[in-house]
Amino acid sequence: MADTETDQGLNKKLSFSFCEEDTESEGQMTAQDIGGAQSQKPGREESEELEGPVPPTRDELHTSLSRDKESPGPDLWKSVSGPPKCPETPVLHSKSKLPVPTNFSTPKNSLGQPEISLLEKLSSRSSRHMRLTPASLMDEKTSLSLVNINPFTPETYRKLLLQSKGKRKTRDYLEETGEEESKSVQWLPAKRSILQETNMASRYEKEFFEIEKIGVGEFGTVYKCIKRLDGCIYAIKRSAKSFSGLSNELDLHEVYAHAVLGHHPHVVRYYSSWIEDDHVVIQNEYCNGGSLQAAISENTASNNHFQEPKLKDILLQISLGLKYIHNSGMVHLDIKPSNIFICHKMQCDSPVGPEEAESEADWFLNASVMYKIGDLGHATSISKPKVEEGDTRFLANEILQENYQHLPKADIFALGLTIAVAAGAESLPINGDMWHHIRKGNFPEISQELSDDFYGLLKNMIHPAPKERPSAAALARSRILWPFLEKTDELQKQLNLEKSKTATLKRELKKARHIQTPQREVHHCYYQICKGSRHLLVGGRRKAPSSFTRGTSSV
């Protein structure tokens, strides 16, 4: 009887969610059992106060499970194949090709429910209790399933991250550990719902002071904010879609890409991201000059446009940013004026001297205006692309035809049309005959005359054949964009020639010194010998030793 009382009390402590079982067990208890239960009641109340709110009941659990069964299955993770025949012109809308379901669920949730054990009952408890209990294999797999896998990190890096000290395994490994273990993992809670449950208090209101709304785009709304701790201004972007409504990892590509890219002078800097109120929040660098599109609109209103020197400056700086992105194994795929941002350097900023410049990008650190690439929502990997079409006005034809062999050249095509718009070209067509006319290599009409070299470079950037377009690295070292590069090369050749002459003179001087050194040593020795012999001869004639003189005189 004592063992029965202990087991019943333990089961009552471990499973609060099964209220019906507790009611039935209380109805079958004897008077002695009731007395034992009453003696254990204060301990139960204390545990409830320490552990927080009671988890959902069985009815609520059944409702949530049935909802998960109705959610989409593994088809969510497969890319939708295009139509049998590639379109000849883009459609009017620029929506994603991939389906966007309203309810999200991992593929494993579509399978049957396994038997619920005591360990699974413990997993439904609060996170505070889980930290106080020993971690089991199920807990480790649960926490692993809640970790996002960044598609832009190398496979070896991900394995090193997840196999630290041989304790953590990749998802592929977990799927191959057998049917029994896979069944236990199949009914794990969805990653996104867990992130919502563990969401902290409003970080946005706690850490930032909102100044104004500065932009609204496809991703969401951007606010200008001051961080309360450091007093600096940041651009806080809040997603329009709810986090639970995001269809797939493409919606998180901006976070993934920013996290991998790191810091570059010509890419908008990324600081942090988090989930708040079921929306993705991204903390980025604030560019005080706004977007290039806003500057173009102001120029159009005043019947003024960027002149060739400024156009070259924009093209060169964005080429440096694209070169960095492409060298990182990614492409942007949505280059356009609204995704290029301007930073005006403050007067208090000190310029960087030549001795501090470590790369070609540092040449512009002392420039008064910096141009940066932002909005990496369409970024994808070059080796394993998952392409989502950007703005059709700047879209290369090969992307429309789903030819992804030369993805970096699609960014070059879009950059060429971006410079055309900045130079004064009218609004680019979304589709139709004019759209195809530009894709045949015809540069849009502009209201100003450009030099032949620069115009030829821009026209080559929108060449119909992707292979014929220059790379971002080639643009970054183009003599057309570097007006002083030819003169610099000439001065560098003269400097190298003078260095060669100086080195030759040094070698000849060293050789001459080496020849003169033995002669000086011979003359010095001869002088010392002659001086010593002369001293002996003179001393012998003039004066005898004092002891000998005294001895002679005494005799």
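The backbone N, Cα and C atoms fix where each Cβ goes, glycine too.
Among Ser15, Ser427, Ser533, the residue that Swiss-Prot annotates as phosphoserine is Ser15. Checking the candidates Lys237, Lys310 against Swiss-Prot: the one annotated together with Ile214, Gly215, Val216, Gly217, Glu218, Phe219, Gly220, Thr221, Val222 at the ATP site is Lys237. Feature annotation (Swiss-Prot): of 380-406, 488-514, the stretch labelled coiled coil is 488-514. Same-chain residues at least 6 positions away in sequence with a Cβ under 8 Å from that of Asp334 (active site, proton acceptor) are, in sequence order, Asp375, Gly377, His378, Gly390, Asp391, Phe394, Ala414. Other C-beta atoms found within 10 angstroms of the C-beta of Asn339 (Mg(2+) binding site) number 25, with every protein chain shown included.
Its Cβ taken as reference, Asp375 (Mg(2+) binding site) is surrounded by 25 other Cβ atoms within 10 Å in the chains shown. Same-chain neighbours of the coiled coil (488-514): 482, counting only residues six or more beyond its ends whose CB sits under 8 Å from a CB of the stretch. DSSP labels the residues of the motif 'Nuclear export signal' (310-324) in these numbers: 15 helix, 0 strand, 0 coil. Per-residue pLDDT, averaged along the motif 'Nuclear export signal' (310-324), amounts to 95 for this model.
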